Amino acid sequence: MQQPGAIATPQTPTFPGNQGPNEGVASNVPPLSPASESREKERFALLLDINHELLYEVILLQGTQTELKKEAAAVNGNAGERKPTEEETLFQQDYVHCMRRLQANLSYMAAQADRKAETKAPPYPGFMTAPPLNLSLRPRAQPMGPAGPDPKADPVTDREERDKAIKDLYRRLQAAYPGVDFKKESAARLHHGQKAGNAAGFQGSPIPQKTPQIPNAPPPQVS
């Protein structure tokens, strides 16, 4: 999988002390035991890696959506509003799957980093399974290499490798939360996500492609 180098390195959320979820916790909250703190740091590290991969998938999908719009404009002209093609709709569904997980992860991490006695943080991230990406689609955007877009890189292969990496990270994440019925939780969320998969709200909120960042403050949850 090509590792982006020309664009700015994605920035992850800033937590107190950048040491993990137990730093900077209010004094009225019992500190985590060494074993619990080590486990939480492992979970945070996995979530940061997952967010990194999801972010670059989102960038690839946004670039592809832009190219598809250009292709449609070249064929049909800029004749006002048009319905998205089936291909655009499928890419949009993948985009929504990734964005929902990014937002859920950020919200979970922020809650864990700011633990308070009167606030009950969620026991695990809102999504515990990898996004069901449609790998039969061919991205239009080129993968990023050390010097920018790499014209020699195969976008299909790059995406397949990223999908494998994301699935492996989620398997490790599931193992880090023993006892969680993630299949039941994810099935319910997937059903809900299919209803909202074509929501236009994501289309109007692109992530800047030159300086991709994960914001310091978690965006609102998508319901």
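Backbone N, Cα and C define each Cβ position, glycine as well.
Positions annotated as compositional bias 'Polar residues' by TrEMBL: 1-21.
Taken from TrEMBL, the feature compositional bias 'Basic and acidic residues' covers 151-167. Mapped onto DSSP helix, strand and coil, the compositional bias 'Basic and acidic residues' (151-167) counts 13 helix, 0 strand, 4 coil.
Annotated region 'Disordered' per TrEMBL: 1-39 (among others), in sequence order.
Annotation comment: TrEMBL describes 120-167 (among others) as region 'Disordered'.
TrEMBL lists 186-223 (among others) with the feature region 'Disordered'.
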Tertiary contacts of the compositional bias 'Basic and acidic residues' (151-167), as residues 6+ beyond its ends and Cβ separation under 8 Å: 1-2, 50, 53-54, 56-57, 60, 130-131, 133, 135, 138-143, 145
